[in-house]
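Novice: Quick paste from TrEMBL:
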- 26-167: domain 'DDH' (DOMAIN)
- 243-327: domain 'DHHA1' (DOMAIN)
Amino acid sequence: MKDTKDTAIKMYADKIHDIIKRYDRFLLTTHVRPDGDGIGSEVALYYALKNMGKSISIANDSPTPQIFRFITPDAGMYIYPQIPPEQAEVVFTLDCPTLDRLGSIREIIPKDAIIINIDHHVSNEYFGDVNWVAEDMCSAGEIVFTLLKNIAIDITQDIATALYIAIVTDTGRFTHANTTPDALRIAAFLIEHGARHTEISQYVYNTNPFNLIQLNALVLNTVRLHAENRIATVWLTKDMLEKTHVNAIDAQEFADIPISIDGVSIGVLFREMMQPNWVKVSLRSRNGFDVNAIAKKFGGGGHKYAAGCEIPGSIAEAQQIILHELEKTLLTENKL
C-alpha cells in the first residue's frame, strides 16, 4: 500500500514539476470564504514559486480572514474584483472541490490555462488538467508540502509558517479525526524549519476583537438541541453581524460551537448569506456520522466530519429542511 502511495506521489509531483519548469506565469486561488488551509496552501506555494523566479499572483473571490492576514505577501495578492494584470499560463486551485466554489475567480481563468487541482475533499469533481486529490491527507497544505519536498524546494520560514497554518487549522489544532501520524511529523518538521508557532497561536487562536466576542455571545444564545439531544444548532443573521460590526468572513469558527456540546453527534450553523433569501449551512459531526453525504444532497460537499451547502429560503426554512434530513438519516442508521 505504501509503495502504491509513494508511486502516486512521485507521479503527481513529477508531472507538476514539469509544468512549473515549462511555464512562467502562475495564478493561485482557493475557495470562496477561504479558511486557513486555503490561505496557507496558496501563500506557501506563492513563496515557493517566487523563489523559483516565476511570475506569480494570488487571486481570491473573498477577503482574507483577519486572523490569517499576517502571513499574506505584501504584493501580488488580489481580491475580486481586483485581478492580476497579466494572464496566467497555469492556475493552481487549492483546497477547492469544484470550479463553482472558486466564485468569481472562475470567470477570469484563461480558457487555455493549465489547471492544477490540489485538494483533499472526498467531494472533489476532478476538474483540472492535473488532479492531485488525496483524501487520506489532512489538508491541501499537506499535499503542497509533499509536492515541495518531492521537487527539492527549500522550506523557508515563510513557507513553513503558511503550511503550518494550513495543517493546524484543518486538523482543529490536531484534535480532528484527520490528525494522522504524517500530519504530526510534518508539523514537527515545519517548526524545525522556522514555522512561527507562537505567532500563529497568538494571531489565529488567541487574539479576538471585542466585537467578535460580542457576536460570539449572540450566537451562543441561539443554541438549540434536537433529536433527543443528538443534534445541536446555532444561527447567525445579517442583523447580528451588522449590530456587532463583524465581517462574515471572520465568523467562520462559529460552526464548531454546537458540535462541542457533550453528547451531541451533529452540529449545524445556519448563517444568512449576503445574497437575499439564501442560507449557508455548515455541518460538523463525530461518532461516525457522515455529514458530507447530507451536504451532497443539497449540492454541497466537503469531508465526512465537516461539510457544507447553501439552501434558498430563510434560516427557519433551512433549519426545517436540514433537521428533517438529519433526523431521517439518524433513524435509518439506528442512531436515534
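Heads up, the Cβ atoms here are built off N, Cα and C, so glycines get one too.
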Novice: Tell me the residue counts in helix, strand and coil for the domain 'DHHA1' (243-327), as DSSP assigns them.
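Specialist: Grouping H, G, I as helix and E, B as strand yields 32 helix, 24 strand, 29 coil.
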Novice: Over the domain 'DHHA1' (243-327), what is the model's average pLDDT?
Specialist: 94
